[in-house]
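Single-structure report; data block below.
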Amino acid sequence: MDVVNQLVAQGQFRVLKVPLGFIKALQWFFAIFAFSTCGSYSGMFKMEVECRNRTDSDLSIEVEFEYPFRLHQVYFDAPTCKGIDTERFFLVGDYSSSAEFFVTIGVFAFLYATAALSVYVFFFDKYKENNKGPLIDLGVTSVFAFLWLVSSAAWAKGLSDVKTATDPDEVITMISACELEGNACREVHEPVMSGLNTSVAFGFINLILWVGNLWFVFKETGIVAPFMRPPPPPQEKPAPEAQQGGGIRAGPVRRDPGGGVPARVPAGCRVRAGLRPAGGANLLLQSDVSGQQAEIVGVGRLQPTHNATLLSVPGWWAGLKDRCSL
């Protein structure tokens, strides 16, 4: 008892409030409804055969069937309308495979959801250790999502066939006495299929829950973490600096850490690497101690003016260049 109390005290029940644990609790809940509504079903329909000779009639022929719907083993006796003799008839079809498969998936899904919830609540730290727990959980959840799809679709088709095989109007066509003139065969009570219809609905609800839970389990693996980093904040461009002396005018670029000054080059300044004086360039110059010489260390953009011959170079171009007299 002390061990149980200790586990309850250490349990992280807040995980049930996040999508990972909350959806798992819904899976546990709906899995119970899925396999119970199908596995506990039993139905009955009733017919009557009224013969020309009323004493040979049977006005209460009851046919009972139940899970797992091996209908070929279900039989009933109907009058032949030829005295007191009766004839035995069997229903058609064996739909146990789809029904049992559906119930089996529901039971195993319930067991896995129970185990997963226990791990989430009491061993969540170990669950995330070395990332093995989320990866195993992701694999098992993917398998169950696929199995719910297959089992629900198969059981939906099987249920449709069960409805056809247990339709009193269809069963009446099997009774030979109903084909004789003067005899009348009628449906008295049809089977109630609402429970089985609900089981199919619960099956597809489970499919939605298990597929939807894939994303939240996938997030726990950490695989998606590198792709969810926020973008870097945009860099603000510094305002243009004021007019500098000595023929050097500041441009719309930051100052170089080595003492460089954004500036415009006077007409006739020559540079290397095949760059020719033209309109549209903004050169980064570094002045010497006297202030009369400047060294080109970078290239940017600037609108040309009438008193300067500028360079047109896209982007930055770094490196030491020719010295220009200012």
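Numbering starts at 1 and runs along the chain as displayed.
Each residue, glycine too, has its Cβ placed from N, Cα and C.
As given in TrEMBL:
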| type | residues | note |
| --- | --- | --- |
| DOMAIN | 15-222 | domain 'MARVEL' |
| TRANSMEM | 21-42 | transmembrane segment |
| TRANSMEM | 101-123 | transmembrane segment |
| TRANSMEM | 135-156 | transmembrane segment |
| TRANSMEM | 200-218 | transmembrane segment |
| COMPBIAS | 228-237 | compositional bias 'Pro residues' |
| REGION | 228-262 | region 'Disordered' |
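Under 8 Å from some Cβ of the transmembrane segment (135-156) lie the Cβ atoms of residues 38, 98-99, 101-102, 104-106, 108-109, 112, 116, 127, 199-200, 203-204, 206-207, 210-211, 213-214, 217-218, 220-221, all in the same chain and six or more residues away from its ends. Within its own chain, the transmembrane segment (200-218) is flanked in space by residues 19-20, 23-24, 26-27, 30-31, 33-34, 37, 102, 106, 109, 134, 137-138, 141-142, 144-145, 148-149, 151-152, 155-156, 159, 224, which lie at least six positions past its ends and keep a Cβ under 8 Å from the stretch.
Looking at the domain 'MARVEL' (15-222) alone, the prediction's average pLDDT is 92.
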